[in-house]
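What follows is a short report on a single structure.
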Amino acid sequence: MKNLSLIMFCFLLLGNCAAAAAVSSNDLIAKAHIYDGRTIEFTGEVVGDVMIRGDFAWLNINDGAQAIGVWTNKQAAEKISYVGDYTHIGDTVKVAGQFHRACPQHGGDLDIHATEILISKQGHKVKHTVNNYKFAMTVILLLAIVAVSVWSPIKKPK
Amino acid sequence: MLLRPTNEDFKIIVHYIGRLIVGLGIILVVPLITALVFNEWDRALDFSISMLLAIFFGLLLQKIFPATRDLNWSQGLAVTSISWLVAMLLGAVPLMLSGHYASYLDACFDAMSGFATTGLTLIQNLDHVAHSVNMWRHLMMFLGGQGIVVIALTFLVKGTAGAYRMYVGEAREERILPNVIQTARFIWLISLVYLVIGTVILGLIGFFEGLPLVRSFLHGSWVFMAAFDTGGFAPQSQNILYYHSLPYELATMVFMILGTLNFGLQYVVWHGNFRELFKNIETRTLFSSITIISLMTTLCLLSTYPYLMANFRKGFYHIVSAHSGTGFMTIYAPQFANEWNLPALLMTIIAMGLGGSACSTAGGIKALRIGIFFKALLQDIKIIMSPGSAIVVQKFHHIKDIILEDRLVRSALIIFISYLATYLAGALVGVAYGYPLAEASFESVSAAANVGLSAGLTSPTMPAGLKITYIIEMWVGRLEFMSIFILFGLVFARLTGARGKSH
């Protein structure tokens, strides 16, 4: 009986450790039934937009594989300085919260309701440089079009 | 006896392809302007190169192969089928130059998926894509939905007979107006009016749901193009799930259904005949099918989504998305395979396979053909039950009353069988590559019916052979086989046919 109690205690301990463990988006999606309702930790870049909805907000956080929606309070969302898009790398955030396979509050969305959001790395602007080869190619093609336009092929006499 | 096509036949075909390429090049000015407006200078160069390349090749082909004659049937259909491949090759150039694709094949896959309004995608890091690239991805759907040839008919082609032959090649048999060029212009008028209305509606919803003003209207126009043209691309990697918004989902559902309605029907309704919506065999078949399949899917998904709203937003939304041939998703692709049970997956496959209306932007077998089969079945039952001397005439209503003839049933049956064969062939290739039958069937039907829902197979890491298979499925599915059969027929006749004038 003592052994059984010890085994059960170990299982509970393991369960709690797993509940707080960091999980990837691929794992959350592939094993949604396992993580459903559990407290998880998810890290990734905030992408797209911070969508404020009343006292709350939606963030979409991409860990490099998939982006997952995070429902959080407005104050936490307003701390985000950069969101990822063509000209920015978004803030990297560590989210702790409850994972839902099919959230009853949000029409069955797979999402995370955040209890804590920590900015682990601030985002920044991205500079896209112009490729000189592409510029040269554009000029060559323009000249080629002019050449084709003025060229009239010699017709063979029938 | 097959007549061997002459060199002159091929010259005419190449000449008209040249014209279409120029048209495509001119259209690239739209993403180019977008790039300039948003200071995306490197992307602006990508679009300049692509545009100039298309115009250069288009002009060169027209100069080398001058044509004075109008197109005959086989030439018109061949021009259309080849033009779609050329459009894919050229449309893929700016995608490849953007740096978001692992290979040119992947860029071609997305270009064909865009033009054929499928929505399967191999793009990488979509959340960091430039506005101009997103504009081009969605514009391809808008152009492909109306038809690449329809664009050319509107601006570039003068001869109406040859124009009609190309128009038919794009799976559009209905002449809404007496003149095919007027028909093409009407299709554009409808689409542009809806584009403005749809952009405003989605833009406002997006704005009130928390998107910044400019982005809300950009997203609004892109999502509208993908919804109305039953495409399925979206500007963010989570597709429609990104917005976490019921109003957005409801609006896109309405636009998906609008896009799946026959343009001929829309013409009649635009002119005040709303009763046609309820009398038309195609709308009756389509809405009956959507209702039945949705109800069955809802029942199948009760254990997956026990809440009514969740069941509606996941079950009903994806059936409308599948049946209309759009491919918008509010779940992740692997969730289909992991969480939806087999009957629900089967319902989705059936919805995708049946498709929307003929002469619309939707793909698949089409509701009109299914309606014709039911009418033919009804006629056969009546014949059996009637006295031997009785003549049974079966009619159906599609814009006007039409007598059901064997000819109609036969042509519908040929297309039906061709679709089934394509679905099956694609599924077998998927299985041969080691994927499970359910997922391989799901993806194959999605590609051939130009839907775009994915059970997770479509990814940059899938085998090149499977990518090519899906490209072919998207191509033949969008053009509804006939123009491609003619193209192969021309090649076959060139090799084996008797000499003579085919014009």
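Using the three backbone atoms N, Cα and C, a Cβ is placed for every residue, glycine included.
TrEMBL does not curate its annotations; it predicts them automatically.
Annotated transmembrane segment per TrEMBL: B:12-38 (among others), in sequence order. Beyond the ends of the transmembrane segment (B:12-38), by six or more residues, the same chain brings 44, 46-48, 50-55, 57-62, 64-67, 69, 71, 75, 78-79, 82-83, 86-87, 90-91, 94, 130-133, 135-136, 139, 143, 148-149, 151-152, 155-157, 162, 166 to within a C-beta distance below 8 angstroms of the stretch.
According to TrEMBL, the feature transmembrane segment maps to B:45-65 (among others).
Distant neighbours of the transmembrane segment (B:77-97): 13, 16-17, 20-21, 24-25, 28, 31, 43, 46-47, 49-50, 53-54, 57, 71, 104, 107-108, 110-112, 114-116, 123, 133, 136-137, 140, 148-149, 165-166, 168-170, 471, 475, 478-479, 482-484, 486-487, 490; these residues of the same chain sit at least 6 beyond its ends, with a Cβ under 8 Å from one of its Cβ atoms. The feature transmembrane segment is assigned by TrEMBL to B:77-97 (among others).
Look at TrEMBL and you will find B:135-157 (among others) tagged as transmembrane segment.
Among the features that TrEMBL reports, transmembrane segment is placed at B:186-208 (among others).
Summarising the annotation, TrEMBL assigns transmembrane segment to B:246-265 (among others). Cβ atoms under 8 Å from those of the transmembrane segment (B:246-265) belong to residues 145, 174, 176, 186-187, 190, 194, 198, 201-202, 205-206, 208-209, 223-224, 227-230, 240, 276-277, 280, 282-283, 286, 313, 317, 320-321, 323-326, 328, 330, 356-362, 368, 399 of the same chain, restricted to positions at least 6 beyond its ends.
Listed as Cβ neighbours of the transmembrane segment (B:285-308) (distance under 8 Å, sequence separation of 6 or more from its ends, same chain) are residues 260, 314-316, 318-320, 323, 339-341, 343-344, 347-348, 350-351, 354, 356-357, 367-368, 370-371, 374. The annotation transmembrane segment is assigned in TrEMBL to B:285-308 (among others).
Positions annotated as transmembrane segment by TrEMBL: B:345-365 (among others). With a cut-off of 8 Å between Cβ atoms, the residues of this chain six or more beyond the transmembrane segment (B:345-365) that come close are 116-118, 145-146, 171-174, 176, 228-231, 259-265, 282-283, 286, 289-290, 293, 296-297, 300, 318-319, 322-325, 336-337, 415-416, 419, 423, 438, 441-442, 445-446, 448-451, 453, 455, 477-478.
Non-local neighbours of the transmembrane segment (B:412-435) in the same chain are 353, 364-366, 368-369, 372-373, 441, 443-445, 447-449, 457, 462-463, 465-466, 469-470, 473, 476-477, 480-482; each lies 6+ residues outside the stretch with a CB under 8 Å from one of its CB atoms. Residues or ranges marked as transmembrane segment by TrEMBL: B:412-435 (among others).
Taking Cβ pairs closer than 8 Å, the transmembrane segment (B:475-495) reaches residues 2-5, 9, 73-74, 77-78, 80-82, 84-85, 88, 112, 115-118, 144, 168-171, 363-364, 414-415, 418-419, 422, 447-450, 502 in its own chain, all 6 or more past its ends. Annotation comment: TrEMBL describes B:475-495 (among others) as transmembrane segment.
Panel annotation: around the transmembrane segment (B:45-65), residues 11-12, 14-15, 17-26, 28-29, 31-32, 35, 90, 93-94, 97-98, 132, 136 of the same chain, lying at least six beyond its termini, place a Cβ under 8 Å from a Cβ of the stretch. Beyond the transmembrane segment (B:186-208), the same-chain residues lying 6 or more positions past its ends with a Cβ under 8 Å from any Cβ of the stretch are 142, 145-147, 150-151, 154, 176-177, 215-217, 219-221, 223-225, 227-229, 243, 245, 247-248, 251-252, 255, 258, 263, 266-267, 270.
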